[in-house]
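Taken from TrEMBL as is:
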DOMAIN    5-167  domain 'CSC1/OSCA1-like N-terminal transmembrane'
DOMAIN    189-343  domain 'CSC1/OSCA1-like cytosolic'
DOMAIN    356-621  domain 'CSC1/OSCA1-like 7TM region'
TRANSMEM  6-27  transmembrane segment
TRANSMEM  90-112  transmembrane segment
TRANSMEM  146-166  transmembrane segment
TRANSMEM  353-377  transmembrane segment
TRANSMEM  389-410  transmembrane segment
TRANSMEM  417-438  transmembrane segment
TRANSMEM  450-471  transmembrane segment
TRANSMEM  483-505  transmembrane segment
TRANSMEM  548-580  transmembrane segment
TRANSMEM  601-622  transmembrane segment
TRANSMEM  628-647  transmembrane segment
Amino acid sequence: MILSALLTSVGINLALCFLFFALYSILRKQPGNAGVYAPRLVAHGKSQERGDFSLERLLPSAGWVRMAWQPSEDELLSVSGLDGVVFMRIFIFSLRIFTFAAVIGVFILLPVNYMGDQPSLDFTGVQNKTLETFTISNVGDGSNRLWIHFCAVYAFTMFVCCLLYFEHAYISAKRLACFCSSKPQPQEFTVLVRSIPVTSGRSVSNTVESFFTEIYSSTYLSHNVVRRTSKLKNLINDADNLYGKLVRLRSGNGSEQRFKRTGFMGLSGRRVDLLEQYEKQLEDVEDNVRTEQSSVAMKEVRAAFVSFKTRLGAAIALHIRQGINPTEWTTERAPHPQDVYWPFFSASFTRRWICSILVIVAFTVLTVLFLIPVLIVQGLANLDQLEGFFPFLKSILRISFISHVVTGYLPSLILQLFLYFVPPIMVVFSSIQGYVALSEIEKSACIKVLWFSIWNIFFANVLSGSALYRFSVLLEPKEIPSLLAVAVPGQATFFIAYVVTSGWTGTALELVRFMPLISSFMQRKFCGSSNDELEVPSIPYHGVIPRILFFGLLGVTYFFLAPLILPFLLVFLCMGYIIYRNQLLNVYVPKFDADGKFWPIVHNSTIFSLVLMHIIAIGIFGLKDLPLASSLTIPLPILTLIFNNYCQRRFLPAFKTYSAESLIKKDGDDQNNPTMSSFYEELATAYQDPALVPVRYSTNGERINSPLLGIPEP
């Protein structure tokens with residue numbers, strides 16, 4: 001692809017970004033859109049809507065950028081929790097890395113690549129040159145200028161490792177500081193016990209109480225046995241839906257008419273009063289809920305949340321094997337009550353193991369099937385191949401602007417559309433693997449999306465040509481560096497366009513929130529809903545973090561191969577930093593907090609990117625007839641893996657559990673805390689399944705109450 005084709009793609013995406021920024025700055029000022037662009041503030045009663053008309057509401061402005069930039073990290077911590085802080089540290093970490101890389105890449109490596117073997121720079125006709133001119137491929141074989149690239153690889157690796165160490169230390173210290181300054185949390189005093197052995201004639205509850213009272217007599221506090229409540233939850237959902245219909249009918253804001261006919265499409269049959277019908281149905285469902293709640297006590301699952309009086313007591317129970325048989329009385333860390341994922345508690349060990357195998361198979365099948373859109377994308381990127389498949393389009397494809405759009409913009413756009421469905425699918429895969437915490441599901445989905453992206457976007461595109469030949473080469477590991485050295489530089493153009501399309505436009509699209517905007521408009525127009533029914537979203541870390549890390553992999557890999565990608569990457573990171581700060585402050589509310597456990601994923605991804613860069617460097621220096629540089633690069637991946645092993649031993653334990661010193665200190669502070677007695681009372685019922693909470697719907701007169709929903713009387 002010539003440079004003008006890339007500039008066409010950049011121009012299209014830049015125009016879209018400015019359009020989205022202008023739309024957002026106007027739409028956020030409009031009355032009624034606060035629930036779309038500031039739902040967190042609306043939920044906390046902090047949104048200030050102005051009903052009077054002014055010309056300022058119709059003019060775009062950049063005031064939101066200043067408001068997103070101003071809050072400190074401590075303010076962000078109070079709003080979004082430690083996960084939000086770690087999420088923004090990913091942007092800061094990446095900006096530091098690629099600012100350093102851009103200085104070396106753009107001001108040193110890029111001129112060297114462009115000059116090739118020429119004695120001086122010549123910018124004549126630069127817009128018609130291919131992008132290969134700006135890559136390491138333009139440097140002649142055996143050229144001494146390749147030693148500049150060699151030194152750059154070493155300098156960049158040392159800088160990234162030092163920065164990774166200090167960032168890991170900072171987040172570990174931040175995590176410990178948050179723990180030491182936090183109020184007592186239920187999950188700190190509780191462990192989840194599974195595979196409880198039950199003898200005939202005894203309940204799970206009696207077995208748990210007698211076991212832990214005997215072994216942990218001084219620290220055991222209480223327990224909550226898990227029960228099968230799927231049927232009960234379905235009944236409560238039905239009741240909630242009926243209650244919502246009643247609220248809309250009584251308020252008179254809904255599009256539903258009170259009287260309808262029972263026949264086809266409400267055009268025939270007898271005329272019925274929907275209000276009376278829904279009230280009768282609600283009474284029937286309420287009776288069924290009470291009946292099921294009374295019988296669910298007998299539907300015990302061999303799992304229980306066991307709470308202790310101290311954090312140290314819970315930690316001892318967590319890390320010590322409880323029974324002689326290692327498959328019984330198994331313990332694991334309890335999630336926060338709001339973080340519990342209830343559906344999979346009734347699954348046996350065998351079922352969880354089978355589901356894990358099925359998820360691996362399904363993930364593999366999806367990965368293989370995704371090669372189809374990858375091949376389509378590669379076909380669009382190759383104009384000659386596209387003309388061969390569709391000869392009747394040859395005259396159209398010969399138009400300069402059309403060919404630039406088809407080869408420069410369209411491939412990355414199509415790939416991005418296919419990738420839109422991947423994160424939700426990975427959440428489904430993770431949810432059936434047996435995790436009992438929503439945070440663990442999201443963390444697992446994040447890892448799946450990341451590796452799916454690395455394989456299907458990076459390796460599949462790089463190795464898409466001559467597939468059978470590539471596969472035969474992969475069977476010989478010693479040929480992998482040479483294979484990557486040949487294939488990776490050739491895809492620099494596609495990945496630059498992908499950063500611009502997915503990074504720039506995709507991030508700007510996050511700001512506008514088109515789907516919630518349309519949904520809010522439709523609800524106001526046809527359902528008469530208000531902010532009382534507002535559901536505040538949580539940020540989908542499993543979709544956003546893998547994209548940042550994948551762009552980081554592209555930046556690290558192409559740092560010395562095609563440094564032209566670095567300025568585009570820096571623009572994405574700057575946009576993402578401001579936009580996601582704005583979203584965290586105004587839009588998203590965390591439903592749970594994983595205590596910064598996403599950071600080890602960032603660390604591992606960065607190490608993988610560095611090692612991949614080293615392997616490609618070994619191959620590229622070998623192909624460029626510089627065997628000494630290739631040999632001297634071999635220690636780099638070894639040293640990087642040694643550094644990774646040190647970091648794993650130094651920092652990873654702090655992300656898995658807290659030290660006994662920290663736990664004892666916190667327990668000592670609790671002895672002087674007058675609120676601990678009330679906390680223990682709340683802890684006794686903290687892990688009760690929400691479906692077991694009594695629900696009552698009253699339809700007397702004009703009043704309807706729903707303790708479950710908490711919706712006020714209209």
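Backbone N, Cα and C atoms are what each Cβ position is placed from, and that goes for glycine too.
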By Cβ distance under 8 Å, which residues at least 6 away from the ends of the transmembrane segment (628-647) in the same chain are close to it? 146-147, 150, 153-154, 157, 161, 164-165, 168, 603-604, 607, 610-611, 614-615, 617-619, 621-622
Beyond a gap of at least 6 residues from its ends, the CB atoms lying under 8 Å from the transmembrane segment (417-438) belong to 192, 332, 335, 339-341, 343-345, 347, 352, 355-356, 358-359, 362-363, 366, 370, 373, 444-445, 448-449, 452-453, 457, 502, 540, 542-543, 546, 591-592
Within the domain 'CSC1/OSCA1-like cytosolic' (189-343), what mean pLDDT does the predicted structure show? 79
Please check if the transmembrane segment (548-580) comes into contact with the transmembrane segment (353-377), where contact means 3 or more CB pairs closer than 8 Å and the residues in each pair are separated by 6 or more positions. no
Counting only CB pairs under 8 A, let me know which of 90-112, 146-166, 353-377, 483-505, 601-622 has the most with the transmembrane segment (6-27). 483-505
Long-range neighbours of the transmembrane segment (353-377), counting only residues six or more past its ends (CB under 8 A): 347, 411-412, 414-415, 418, 422, 425, 429-430, 432-434, 448, 452, 455-457, 460-461, 464, 494
Are there residues at least six beyond either end of the transmembrane segment (90-112) with Cβ under 8 Å to its Cβ atoms? List them, or say none. 121, 134, 136, 139, 145, 148-149, 152, 155-156, 159-160, 163-164, 167, 545, 548-549, 551-552, 555-556, 559-560, 563-564, 566-567, 569-570, 573-574, 576-577, 580, 602
Same-chain residues at least 6 beyond the ends of the transmembrane segment (601-622) whose Cβ lies under 8 Å from its Cβ atoms: 90, 93, 136, 146, 149-150, 153, 157, 160-161, 164, 168, 443, 446-447, 450, 454, 480-486, 488-489, 545, 549, 552-553, 556-557, 559-561, 629-630, 633-634, 636-637, 640-641, 643-644, 647
